[in-house]
């Protein structure tokens with residue numbers, strides 16, 4: 001009897017609560033309850049008739065979706081909804097800027113922000129050039145058929161005008177650097193224009209991408225120092241190229257079937273089932289070059305600890321890679337941002353450690369003189 005009475009009371013309370021919730025004052029609370037409650041970044045605004053729901057989020061794709069509709073195709077042309085490419089372009093710049101910092105000092109934050117802006121613009125320009133060259137091929141590949149030019153959302157003329165605007169802004173960033181760096185940065189433009197064509201010519205287009213994407217390894221140092229130091233900048237540039245061969249070969253395995261049908265080339269098609277052996281070789285070369293960078297720049301323990309972490313990440317990435325699953329290839333590809341950030345952190349801490357070593361050495365010297 002008590003159980004039946006309690007159940008009846010609970011049912012009555014629920015009915016009364018629901019009735020109150022649907023009053024004019026409680027309607028918004030009922031809506032929140034029906035949609036799972038209010039969450040800071042998952043809240044969906046109630047849409048009126050004819051309006052589509054949009055999810056509030058801090059993700060790059062959501063930001064693009066929230067942009068005015070006429071701008072969205074241009075933002076997607078720049079790949080702002082997929083920022084991993086910008087990270088992979090930007091991170092070699094951060095390594096170089098970090099290595100060029102004075103012992104015991106943080107990297108130059110102004111240069112980091114300047115190069116970050118440049119990375120967004122130049123990656124956008126590179127994607128625009130790539131899509132202009134490849135629009136006929138993109139229409140034949142499932143993953144790329146929705147790109148703005150291939151889908152007809154932006155005309156070739158509009159994309160050309162947009163490219164000019166991006167390059168003009170990028171030039172403005174470049175002109176903030178010293179004269180040596182301006183000349184060095186401008187010399188990379190030929191690579192930016194031609195690397196999208198390499199997939200038609202050679203099975204090594206990833207090498208051309210590596211030469212292009214890692215130019216910041218040279219430019220970051222020169223922006224700080226006024227010129228390049230070959231003993232540091234060249235092995236750093238080489239290590240970045242090896243890194244690009246790793247992650248972009250993984251990326252290329254997503255499209256290898258379509259590429260084979262339409263006649264495009266890639267290292268994924270070149271290596272096929274031997275991919276893991278090739279990637280392992282590139283990883284050894286990358287780590288060897290970064291070790292040489294550390295020796296030539298007088299790096300300290302934190303740098304080499306970070307280098308060991310990078311090696312472990314690469315080993316796990318390659319060992320667990322399934323080249324026949326595009327989703328796994330994408331996940332492994334995007335995980336390379338972590339590699340770049342680990343190395344950047346190691347450079348920062350290694351440089352700050354130099355101050356500690358210098359201070360301890362000076363103290364020992366003073367003690368010896370005093371005694």
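Placement of Cβ uses the backbone N, Cα and C atoms for every residue, glycine included.
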Matching range for TrEMBL feature annotation, transmembrane segment, among 238-258, 301-321: 301-321
Which of 150-174, 278-295, 333-353 contacts the transmembrane segment (301-321) most, counting Cβ pairs under 8 Å: 333-353
Beyond the flanks of the transmembrane segment (333-353) by at least 6 residues, Cβ under 8 Å: 84, 87-88, 91-92, 94-95, 98-99, 101, 103-107, 243, 246-248, 250-251, 290, 294, 299-307, 309-310, 313-314, 317
Spatial neighbours of the transmembrane segment (150-174) far in sequence, C-beta under 8 Å, 6+ residues away: 73-74, 77-78, 114, 117-118, 121-122, 124-125, 128-129, 131-132, 134-135, 138-139, 144, 181-182, 185-186
Same-chain residue ranges lying at least 6 outside the transmembrane segment (278-295) that approach it to Cβ under 8 Å: 99, 232, 235-236, 238-239, 242-243, 245-246, 249-250, 267, 271, 303-304, 307, 310-311, 314-315, 318, 321, 343, 350
